[in-house]
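*Asks:* Pasting in a structure now, in structure tokens, and then I'll have a few things to ask.
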Amino acid sequence: MGTMPRRTLVIAALAAAALAVLMITVAVRDGAPFALDSRLHDWAVDHRSPTWTTTFKAITDTGSGPPAMVLGAIAGALAMPRRWWLGAVVGLGTLLVGMLFRWLLVNWLGRPRPPVADWLTHPDNPSMPSGHAGTSGMIAIGFALVLSRHLPRAVAYGLPAVWAVLVGASRVYLGVHWATDILAGWLYAIAFTALVLPPLATALAKARGHDTRERERQP
């Protein structure tokens, strides 16, 4: 096993272990928020304004549903510019698989959301791991890996990370997630992408190499 696969495996293991500890702790507490959860929730509710509400609603919309799926497809297409259509399908498919496993986890744990009276939007499903945080995290990591081929790492990693953080923050501001739900979503995104993307990239590289050899053999 090479250096990079070993490193990504360690990253996946650490993120998965941290996620497991967090979710088990929440389960033992019957989903009750931590002190930090409550403080951040109360602070967000107390500092709302019409401008921030409009802004965060727009941001949160990019982290799920059709906008997120389009972003996942774009990331895949950018990863395979010569066969962008295949990359788009692979990118979207990978994202959907990640969303499915996250959905299984969130329904297994069944953590209650913050009080309904504080909601500024209407979410589905239980609370942890956050779907918006997990989905935007997976997309952000995908874009970071693609952009790092062409841009300085600070830019390639920084821009997607800022977007993912804003999506996560929007869920706390809108009153539909505890902060630890967001953390769990990010940990899930790290673990999933670290496990899935390296072997997927290897398989696609082999497929491209096979196609190239076949074309070279043709008269």
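The backbone N, Cα and C atoms fix where each Cβ goes, and this holds for glycine too.
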*Asks:* Under TrEMBL, the annotation transmembrane segment belongs to which of these stretches: 7-30, 55-78?
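*Replies:* In TrEMBL, residues 55-78 carry the label transmembrane segment.
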*Asks:* So are the transmembrane segment (55-78) and the transmembrane segment (129-147) touching or not, going by 3+ C-beta pairs under 8 A with a sequence gap of 6 or more?
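*Replies:* Answer yes: the transmembrane segment (55-78) meets the transmembrane segment (129-147) with 3 or more Cβ pairs below 8 Å.
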*Asks:* Please report, as numbers and ranges, the same-chain residues at least 6 past the borders of the transmembrane segment (129-147) whose CB is under 8 Å from any CB of it.
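*Replies:* That would be 19, 23, 60, 62-64, 68, 71-72, 75-76, 78-79, 91, 94-95, 98-99, 102-103, 105-106, 155-157, 159-161, 163-164, 167-168, 170-171, 177, 181-190, 192-193, 197.
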